[in-house]
Amino acid sequence: DLACASFPCANGGTCSDSCDLGSFHCTCAPGFAGGLCRIWEACASFPCANGGTCSDSCDLGSFHCTCAPGFAGGMCHIWEACASFPCANGGTCSDSCDLGSFHCTCAPGFAGGMCHI
């Protein structure tokens, strides 16, 4: 009786009978791991946007994104406008509620939207 006849590999994994009687090997489909391909690897779908780095979490099927500079949010999908330091001449940048926009508070003696005057 061949070990693969019972289809032991889950989630689209491919079973190969081994030379040892009753043993087999599963080759898992992308995104799955483990001896029977039952462990979902959350980072296999590249969930982190904008150059973020994904790390599988200890909790099954969960992950953590480490965002590239200038991006934030659980999946690095939020652009932080102040990350590029757009305010000139010592101005202080504040991210606005509108996605990707900012407001500069200029140092004394300077004016303009980006404190360039």
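Start at 1 and count along the chain as shown; that gives each residue its number.
Heads up, the Cβ atoms here are built off N, Cα and C, so glycines get one too.
Those TrEMBL annotations? Automatic predictions, nothing curated.
Over in TrEMBL, the protein carries these features:
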{"type": "DISULFID", "residues": "CYS9-CYS26", "note": "disulfide bond"}
{"type": "DISULFID", "residues": "CYS28-CYS37", "note": "disulfide bond"}
{"type": "DISULFID", "residues": "CYS48-CYS65", "note": "disulfide bond"}
{"type": "DISULFID", "residues": "CYS67-CYS76", "note": "disulfide bond"}
{"type": "DISULFID", "residues": "CYS87-CYS104", "note": "disulfide bond"}
{"type": "DISULFID", "residues": "CYS106-CYS115", "note": "disulfide bond"}
{"type": "DOMAIN", "residues": "1-38", "note": "domain 'EGF-like'"}
{"type": "DOMAIN", "residues": "39-77", "note": "domain 'EGF-like'"}
{"type": "DOMAIN", "residues": "78-116", "note": "domain 'EGF-like'"}
What is the number of other Cβ atoms found within 10 Å of the Cβ of CYS106 (disulfide bond)? 19
Cβ neighbour count (10 Å, all chains) around CYS28 (disulfide bond) is 21
Model confidence over the domain 'EGF-like' (1-38) (mean pLDDT, whole number): 88
Check the Cα distances from CYS48 (disulfide bond) to each of the disulfide-bonded residues CYS37, CYS87, CYS104, CYS106, CYS115 and keep only the ones within 10 Å. none
Including all protein chains displayed, how many Cβ atoms other than that of CYS67 (disulfide bond) lie within 10 Å of its Cβ? 21
Could you check which of the disulfide-bonded residues (CYS37, CYS65, CYS76, CYS104, CYS106) sits closest to CYS26 (disulfide bond), going Cα to Cα? CYS37
